Amino acid sequence: MSAVTDTAPAATPAARFGQSVRDSLVVAQRNLIRMTRIPEMVIFGLIQPIMFVVLFSYVFGGSLQVGGTTDPSVYREFLMAGIFAQTVTFATAGAGAGIADDMHKGLIDRFRSLPMARGAVLTGRTLADLVQTALTLFVLAMVALLVGWRTHTSIGEVLGAFGLLLLFGYAFTWVGALIGLSVRTPEAATSGGLIWLFPVTFVSTAFVDSGKMTPWLGHVADWNPFSATVQACRRLFGNPGGSPSDAWPMQHPVWASLIYSVVIILIFRTLAVRKYRSAAA
Amino acid sequence: MPGAIYAEGLVKTFGDVRALDGVDLDVPEGTVLGLLGPNGAGKTTAVRCLTTLLRPDSGRAVVAGLDVVRQPNEVRRSIGLSGQFAAVDEYLTGRENLHMVGRLYQMRGKAAKARAAELLDQFHLTDAADRPTKTYSGGMRRRLDLAAALVVHPPVMFMDEPTTGLDPRNRQQLWEVIKDLVSGGTTLLLTTQYLEEADHLAHDIAVVDRGQVIARGTSDQLKARTGGERVEVVVHDRERMATAAEVLAGFGKGTTTVQEHTRRLTIPVTGGAKLLAEVIRELDARGIEIDDIGLRRPTLDDVFLSLTGHRAEAEENGNGNGNGDENRGRSGDGGGDQSPEAGAGRGRAKEVSE
């Protein structure tokens, strides 16, 4: 009977919030331990964006025109914000696959039978993914420096750009969480988490100017949350930004990126937590 | 006063399948109820409703005095769940798994650590405590899973098919652990496909079929309804069968069934192992050579057959998830008591597919 008396119920909102944070950190720790036990996952997660940097820099570098020049070094600086942003969104697939795997193996049932905060399993997972994303971004930035990428602003602005990228990536892990809860297998979550990312990341200003697209596609690209984050990073890094259109998110990319990220988190966190509550393996 | 686990008219439907069709249960504090039934009977759904994992469509359930629908979080503090669908993290060590579960039961870090060490010791997992559970054998993993359910000494426990897929030695070990637990006053609801398991562990048995409890009572009461145990003998020489039948008639109650082509004789008996020994001595004294002899206890199949008129497997096949292997396993050699072992193949196959 000690169970009943030892664990005081979380009564006040403050106590509930405290429990929520504690439980999330316990789950985050669990997921981080897993990552250290499956290092190949982290390594593959690093190789892919590095490949993108090298491929885009050297294959497309000389042939794409940015800001009126085809100078490869200009394109390299233009490109890097796009690669960074694409990399953080790919964390979606990891979060989705991880949660689908937990569902599949019955771990979600174990968690749901415990007196823990409801959103903690998902929050813990997304926090662990955030740590991995930060690590990936760091390695990627080093590689980018090696191939000639430079920033031309204050350290504060550069860190601000990385902050925006992490927030944006974090928002996308909540999309991944919802996908992971909605599919039957981890494999489906991986492909389901990636497929839609290709149009999202390519119909954007990440790799080419939106002005060079068909007008309607250009509009989509201008209002794409992904473009806003990419453009915000270019501005904060002091990298060439192509010729952004007059669309509001392109003119105020930092604000636009912040707003988009927060809205995505609010919507997808709500949906994912609701789905988690009724989830059945 | 309702028991530690109490359910009244529980209904849960998935699409047009009525997984639970008005289930009533009452488990007095400190006792064990065995929920016995084939795959697809609704056992797991019942456990999921009682452990707050599923919300019943209608009906009422009270666990440890708490309403599972209105006070789910309070219920979760008072229960432990183990079995086929609750799991451990395969990349974490045994110790890390138990520590995590303790923390999520809202124990402080130090207390959770101490409790994890205690449980690892109790379940003979100390040597493997710091290895990822991926490297554990099936039996070790079940023990860890059970340990995880016991982290806070919950007054009410649920075990969903705790020994499905385990070999006989590991099953025996787990039974001992469960018996210890119950002798400490824990109320337990366990589901099983094996009459022998329910027989071993449960005070009361509720037989479930198509989402309804179709019979309840003690193991003896159920067996009485299904005709009790039988002695089966396979005689080596066909010519000696008549003599063997004579011997059996002296010990059994009722008529001897003779299968000429398999040289098999079956007769209902009472008296168990002691009687079996006497039969063997008598056959030996008459110089009858036997290939096989065994005491056959009623299986879930027999219970089902007598209660419902259909075999347990028919239900599974009707649900589209039965498979040939299982039928083969169940009807096996027919020799001796083979019920839990028969299911082992299926259980393993399931684990692999997971």
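Placement of Cβ uses the backbone N, Cα and C atoms for every residue, glycine included.
Features reported for this protein in TrEMBL:
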{"type": "DOMAIN", "residues": "A:40-279", "note": "domain 'ABC transmembrane type-2'"}
{"type": "TRANSMEM", "residues": "A:41-60", "note": "transmembrane segment"}
{"type": "TRANSMEM", "residues": "A:80-100", "note": "transmembrane segment"}
{"type": "TRANSMEM", "residues": "A:121-147", "note": "transmembrane segment"}
{"type": "TRANSMEM", "residues": "A:159-181", "note": "transmembrane segment"}
{"type": "TRANSMEM", "residues": "A:188-208", "note": "transmembrane segment"}
{"type": "TRANSMEM", "residues": "A:254-272", "note": "transmembrane segment"}
Quick one: find which recorded stretch in A:41-60, A:80-100, A:121-147, A:159-181, A:188-208 has the most Cβ pairs under 8 Å with the transmembrane segment (A:254-272).
A:159-181
Short question: which residues 6 or more past the ends of the transmembrane segment (A:121-147) have a Cβ under 8 Å from it?
20, 23-32, 35, 42, 45-46, 49-50, 53-54, 57, 76, 80, 83-84, 87-88, 91, 94-95, 98-99, 102, 108, 111, 162, 165-166, 169-170, 173-174, 176-177, 269, 272-273, 276
Could you give the residue numbers and ranges of same-chain residues that sit at least 6 residues beyond the transmembrane segment (A:41-60) on either side and whose C-beta is under 8 angstroms from one of its C-beta atoms?
35, 72, 75-76, 79-80, 83, 86-87, 90, 94, 132, 135-136, 139-140, 143-144, 147-148, 207
